[in-house]
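Report on the structure given below.
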Amino acid sequence: MKKFLQNKKGRYPFRQSKRGPRCPSKDFFLSMPTSNQGWPEDFGFQLGGIGPTYIVSVEEGSSAHLAGLQAGDQVLEIEGHNVSTLAPQAVIAIAQTQKNIPPSIGVVSRIQQMDIVPGPDGRFGFTIVGDCPLLVEDCSPCSPAGRAGLRAGDYVMEVNGIPVRHHEMAATLIKASQGRTLRLGVLSLGPRHKRSTSLEDSQMGGEWVRLDRKHKALEFNRKVDQILGDDPEVKEKLFSVLKQYAAEKRVEWLASVLLEILTTDKHRQLISSIRYESELLTASLRGGYTCLL
């Protein structure tokens with residue numbers, strides 16, 4: 001937890017984190033308002049949530065920013081009073097009646113890290129809007145982002161470890177990650193409720209599975225063409241064996257037959273791919289993607 005502490009030059013927070021302590025230099029001096037009536041905006045930050053209360057944005061260069069407050073912090077205490085379950089209006093009312101300017105505030109970071117693996121089309125399946133903070137406007141539960149835990153109404157605070165405040169910067173970083181795993185630092189203001197799966201969601205989830213299988217089949221097909229492009233007979237035998245395996249699921253048989261069909265070192269480069277993808281490939285073959293192979 002970090003707190004605003006009193007010293008001769010004003011009140012500032014001392015933050016202890018994995019990145020090390022963050023505190024003002026000896027020459028640091030904050031120009032503070034003369035009252036708490038404009039707290040928190042006059043000190044450069046905004047609150048959100050419905051209880052608990054969170055800091056959702058911190059203005060760059062403000063006293064709060066220079067002091068070390070960060071978007072994603074949860075407000076736990078005001079002048080030693082426990083406010084960890086209160087809504088922003090109640091927290092503000094308490095803070096504005098305090099004599100100390102600004103009131104001491106205890107906070108702790110609530111940013112969650114989410115790793116999102118892109119879908120077959122290279123996309124992550126969510127949209128963001130606004131600035132300071134960035135709000136997740138739409139996110140299907142069946143999309144890659146939804147399966148990673150992202151929900152509409154969440155705030156995006158970091159993209160690949162970089163703090164973001166503006167939509168343009170966040171969009172650029174997210175676009176640069178297409179095709180690779182995306183890490184988001186997310187603040188969720190609401191509880192995570194278990195949700196019932198509707199027929200529509202089930203159908204959407206099935207569509208993502210179908211597209212993923214299709215993508216895997218296409219990738220395997222490209223690899224087969226690269227290695228067996230000059231050996232159409234071997235290629236035909238391989239697909240015939242895979243179809244039979246899809247029907248019978250005899251792993252030992254498949255392993256022995258592959259060694260008989262793929263006789264050269266170059267051909268046997270495919271064996272590891274077949275072992276790794278065997279379940280997806282056979283599902284694709286049963287699902288009608290034989291033409292892709």
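The backbone N, Cα and C atoms fix where each Cβ goes, and this holds for glycine too.
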Exercise. If you check TrEMBL, which stretch out of 1-22, 177-198 is marked region 'Disordered'?
Worked result: 1-22
Problem set entry | Composition by DSSP (helix, strand, coil) of residues within the domain 'PDZ' (113-188) | 15 helix, 27 strand, 34 coil
